[in-house]
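Input: a single structure, listed below in structure tokens.
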Amino acid sequence: MGIGLWVRTGLLMAFLTGLLVGIGYLIGGQGGMIIAFTIALFMNFFSYWFSDSIVLSWYNARIVSEEEAPELHRIVEKLAMQAGIPKPRVAIVPTLVPNAFATGRSPEHAVVAVTEGLLRILNRDELEGVIAHEISHIKNRDTLIQTIAAVLAGAIMVLVNFARWSLWFGAYDEDRDGGNIVALILAIILAPIAATLIQLAISRSREYLADETGAKISGKPHALASALMKIEEAVRYRPLKNGNPATAHMFIVNPFRGVDFVELFSTHPPTEKRIERLRKIAMEMGIIF
């Protein structure tokens, strides 16, 4: 892993740890701060070593063998070979909402996950385009930062919800400085926005890069563009409602569109702009669509 990635990963962990500790202090003073710091250390450790298992468990994703999904495995193996990385494990998510994501701390410990809905609506070329995009995230080593951000942002949301509960049900110490109560209310409002902005910062530019790299790996930018249009349309009609919004930036298209996100804080670039860029890449490759 390059020095730049180590630095980015360290800064991300430090910032999110600080956010967790700050919220912990506002909830429970010094004791809350110590508990939050302990939780942060625990989450940092597990988000690095077991991030893939954590994210897969959130979506009940199941690792499938070559016997269970031979065609899918063949596609993943071919594209991984073309990208020059080890073949990732393959998982299927039991939801009809079409989407895909990659996770894992390194190319040697990566997983490509696709939903049942994706397998239903895409043809083979489109599926290759999507998987090439996800393999690009693995090749570019985006998956480590994406997954750590998802796990720690999820922890922040749990703490924020606990803080909200403590205010609503009177668990917060009323004898403490009223300024802390105001600060806690502000933290409840602003912490989720901060977590979303972090996801936005690490996601948008990397999505463009994964589109470009994936198009070159598969040689089918037109197929990826077609897949993005299909996924976008399906997500607008039926957004994912049972997942964890902290993982939105990990998917090829934000699956929570229309639920709690607005375009200003979208974790992904507009699909129309991504398709336009893919058109330019296709023209450079001598492909017109």
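From the backbone N, Cα and C atoms, a Cβ is placed for every residue, glycine too.
Feature annotations, courtesy of Swiss-Prot:
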ACT_SITE  GLU134  active site
BINDING   HIS133, HIS137, GLU207  Zn(2+) binding site
TRANSMEM  5-27  transmembrane segment
TRANSMEM  40-60  transmembrane segment
TRANSMEM  143-163  transmembrane segment
TRANSMEM  181-201  transmembrane segment
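Of all Cβ atoms in the shown protein chains, 26 besides its own fall within 10 Å of the Cβ of HIS137 (Zn(2+) binding site).
The Cβ of GLU207 (Zn(2+) binding site) lies under 8 Å from the Cβ of HIS268, PRO269, ARG274, each of these being in the same chain and 6 or more residues away along the sequence. Around the Cβ of HIS133 (Zn(2+) binding site), a 10 Å sphere holds 27 further Cβ atoms from the protein chains shown. Cβ neighbour count for the residue listed as 'active site' (all protein chains, 10 Å cutoff from its Cβ): 28. The Zn(2+) site is defined by HIS133, HIS137, GLU207, and by the 8 Å test on Cβ atoms against their centroid, the other residues of the chain that qualify are ALA102, GLU134, SER136, ASP142, ARG206, LEU209, ALA210, ASP211, THR213, GLY214, ILE252.
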